[in-house]
Structure formats: C-alpha cells, structure tokens
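Enquirer: The structure follows.
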Amino acid sequence: MALPLTYTREIQDLNAQILQSRPQDILQFCADFFTTRLASERIKLLSEGAPNKRVKLANPRSHNMSSSFTSPFGVNWNPVGHNDGGMQKVEEEEENDTITSPTTGGFNNMKSSSLFGGPFGGPFGGAYDSTHEPPTGLRSPPNTDNFPAQYNFGRRTSVSAESLKPTAEHNDNWQPPVYPKTKEQLERLKSSISENFLFKHMDDEQRNQVLSAMQEKPIPAKGIKVITQGDAGDFFYVVERGTFTVHVNPSGSMKPGVDGLGNQVGTIEAGGSFGELALMYNAPRAATVMSADAHCVLWALDRFTFRRILMESTFQRRRMYENFLEEVPLLKSLTPYERSKIADALETSKYPPGTIIIREGDPGYDFFLLESGECDAYKEGLHKERINLRHYTKGDFFGELALLNDAPRAATVITATEVKVAKLGKNAFQRLLGPVESIMRRTKYENVKSGVEDVDPLASA
C-alpha cells in the first residue's frame, strides 16, 4: 500500500533539514520542525479563508477560558489576579493520557472495569480509551465568523497556563501560604499525595511547602457540589473526612434538572484526591464531584500557589547547581548552556555517615557530584585489607570511570559525614557529558601510592 504523497513530501523535507542542520537532539528537532509546519499551515488557511466565508482577523474571538473561578464555598477568587505575563499555550493534550482523575478529559470515556486500576494507585486510574470522541467540554466551539472551516482540523481545544516569573526576577518577595495542621494531618496528607504523579518526584522541601499551603475546607452538608463538570478548574483536593460521589454527564457538562448530574461513576473516600490536572492548567472539569455525607472535610491547593512553589524552588536549585558545577574542574571547559543542561538533569540524594554510595566491582549506573559533606574512596587489597585511595570534599566528583565504558566500579566510596550528592544517570551522563570524555580520561588521582591507574578501566584505552 503506497504512502500518501503529502506524507512523503513532509518526510523528505524533514530529512533535508536534518542533513543540513545535523542536530544532536533528533526528537526535539523533529518536534520543532512539525510544530513550525503546523503553524505555517494554519496561517496559510487563515489567509486564504474558506469558500463563501469572510475571514475576520481584526478582533478574533478569544478561545481562552476565563481564569476566574467560583469557589464551591461561595468565594469568587482569581488566584492569578492581574498577571502581566499573559498566557502560555499548551497546544495538545496526550490522546493516550493514563492520568485519569475525575477532572481529566478522558475520564468519562473510561470503561467501568478500569476505574480502580490506575498506575498511580488512586481511585481514578486506568487507561484512556482513544477510540471515543473527547468530551464536548474539551472540543473547540463552532466559530464560523472568525475562522474558516477545517481550521482546527477536529483537534481538541488548547488549554492554557499562567505565565509566571521567579521572584528573583521581579523581587515581589512572594512567600507560600502556611496553614496550620496537626502532625497526624500532615502524615495523612503526605500519604495521600505520595503516589500522585504531580508530587511523586518532589524533594522534601517542595513537598513540605505544598503540604503547608493546603487549606482546610469544611463541607457542612450532603449534596454540595465541590467541582462541576464543564467548569474551569483551579483547585486540587484531598479528602480528609467523608465520602464524595463522582458523576459524569455524557454531554460534557452538567445540565439542569433531575438527571443533569449524569451517571455516578465512582466514589472518593478519606485519603483519596481529585482535581490534580487543575494544578497544571485551567482545563474544564470532566466530572462533577459532590458530597455524599454531611460534615466532610477537604484540603484544597490552588494552581497559582502550586506553580509558584515549584517554580521558585526549581529556579533556586538550578542556580545553585550551576554555581556548584562551575567549581568542578572537570566541567570548566563547558559553556554556561551546557552546564545548565546538566543542572536540569541532576537529582539530589542524601546519605548518612557510613553509607556505601558505590561498591567496588558493582556495575556503574550513576555519576556523582559531591554537594556537601565528605567521602572516602578505598579498594580491597589481596588480604581484604582496606587501601585508602583519596578523600572527597565539596566540589569533587566520582563514579565517572565506569560510566564511560560500562566497566565495574574501580573502588568503593563510603560517606565519612552526612553528605548531599547531585546524581546524574548513566544515559543522561553519556548524552550530556560526551564532549568531556577526553578530559575524564586524563584525570589522575594524586597522592595514592598504589595508583588508581592500576584499577582505572580506561588506563589501557
């Protein structure tokens, strides 16, 4: 079966661009290429218009949803306020998104058998059934005046997220809010979000700030709608006490009348959570969640606070890593951009005194930069005696030798004090640090009588 001619032409154009540019990151280059092509095609359609249609571009109708959100507790609150940063588009959602809380677009397309089998352990996991149409709440509304037919090609409506800048760039001295909680409440909240995809990879500082910023929201009566299908979402909720029912109307939004809620598709009890996608962007809610008991209690976190916490901590940590990497002699030859790429890929780990970070003879998977504390490197002699090789302090690195050629660890590294290391995985190491392999091969350990050259797997290279 022959491939479509338009497909062949696009691939030929892409191949020509790759041969001309020789990009290092093929996936990113391809993504940028097709994004540019899509944008140019849309501009072309806008300029040509549809037959028998007049295209108006002077004052196009906005497709962005209002950032204001009416709280279920009776307060009309806009967490963004007067944000000068504007809006940033998230062009497409993943069609096979497995993150299926009651507020995701694919929730009402799920089969009942998949409701409780999600990868994140929550009550609303499960695979998205891509054979169904997306709910109408996520589809583009008709707009025959401003855009030609086929302009959106049936794609889902874009969702948007607020543009924020780190405090260091505009000096507004923002601090995350803190709401008091008991130790037991903190433990329950921590357990509730531990397997959630948005919180799973946070460090301790970020997680503690998020937990402190969650505000208690009592739900006094049965039948109160916390979120409504089709409305814009700004809050993520964790259930402290009580039970909530989840309803989905096939039309994509809640309707008036007795049957307006739609079908009940699940329940959420204490320890459960819902609305996490509202922390990333103001997509329409894909379900209505309503209290099934009186005197329920929720903990709420808004998108603005969540994103500011992540942004501030990530920005500060990146600056710290970049400054730290400048102190590593091995990386002095790298450009600031290359160092920033490494900083983004680093992961922080802490170890107490006496912990073996790498063991002689084990396969090597990680490269370590010592951020704070002290470590010792040693190898075993013929009679199992310990031969000290060197002492590591802040700014030193280890674990690089085995990563370069898959050789086993040449020595054991044990912590002498409590240490904090920045760790780079093997794949990221080889992708980002390839240009400095020759520098690493010339690295020698000083003041070692036995000579690490004897155990250096690269010595004979």
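Numbers here mean position along the shown chain, with the first residue as 1.
A Cβ is built for glycine as well, from the same backbone N, Cα and C atoms used for every other residue.
Quick paste of what TrEMBL says about this protein:
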{"type": "BINDING", "residues": "GLU276, ARG285", "note": "3',5'-cyclic AMP 1 binding site"}
{"type": "BINDING", "residues": "GLU400, ARG409", "note": "3',5'-cyclic AMP 2 binding site"}
{"type": "DOMAIN", "residues": "198-327", "note": "domain 'Cyclic nucleotide-binding'"}
{"type": "DOMAIN", "residues": "330-450", "note": "domain 'Cyclic nucleotide-binding'"}
{"type": "REGION", "residues": "122-149", "note": "region 'Disordered'"}
Enquirer: Given the model, what does the mean pLDDT over the domain 'Cyclic nucleotide-binding' (198-327) come out as?
Expert: 85
Enquirer: Which three-state DSSP class does ARG409 (3',5'-cyclic AMP 2 binding site) fall into?
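Expert: Looking at the DSSP assignment, ARG409 (3',5'-cyclic AMP 2 binding site) belongs to neither helix nor strand, so coil.
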Enquirer: Could you tally the C-beta atoms, other than its own, that fall within 10 angstroms of the C-beta of GLU400 (3',5'-cyclic AMP 2 binding site)?
Expert: 23
Enquirer: Counting other Cβ atoms within 10 Å, pick out the least crowded of the binding-site residues ARG285, ARG409.
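Expert: Among the binding-site residues ARG285, ARG409, the sparsest Cβ neighbourhood within 10 Å belongs to ARG409.
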Enquirer: Roughly how many Å separate the Cα of ARG285 (3',5'-cyclic AMP 1 binding site) from that of GLU400 (3',5'-cyclic AMP 2 binding site), to the nearest whole number?
Expert: 48
Enquirer: For GLU400 (3',5'-cyclic AMP 2 binding site) and GLU276 (3',5'-cyclic AMP 1 binding site), what Cα-Cα distance in Å is obtained after rounding to a whole number?
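Expert: Between the alpha carbons of GLU400 (3',5'-cyclic AMP 2 binding site) and GLU276 (3',5'-cyclic AMP 1 binding site) there are 39 Å.
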Enquirer: What is the interatomic distance between the Cα atoms of GLU276 (3',5'-cyclic AMP 1 binding site) and ARG409 (3',5'-cyclic AMP 2 binding site), given in whole Å?
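Expert: That separation, Cα to Cα, works out to 42 Å.
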Enquirer: When secondary structure is assigned with DSSP, how many helix, strand and coil residues does the domain 'Cyclic nucleotide-binding' (198-327) contain?
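Expert: Split into helix, strand and coil, the domain 'Cyclic nucleotide-binding' (198-327) gives 38 helix, 41 strand, 51 coil.
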Enquirer: For GLU400 (3',5'-cyclic AMP 2 binding site), just give me the three-state DSSP call.
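Expert: DSSP assigns GLU400 (3',5'-cyclic AMP 2 binding site) to helix.
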Enquirer: Other than its own, how many Cβ atoms are within 10 Å of the Cβ belonging to GLU276 (3',5'-cyclic AMP 1 binding site)?
Expert: 26
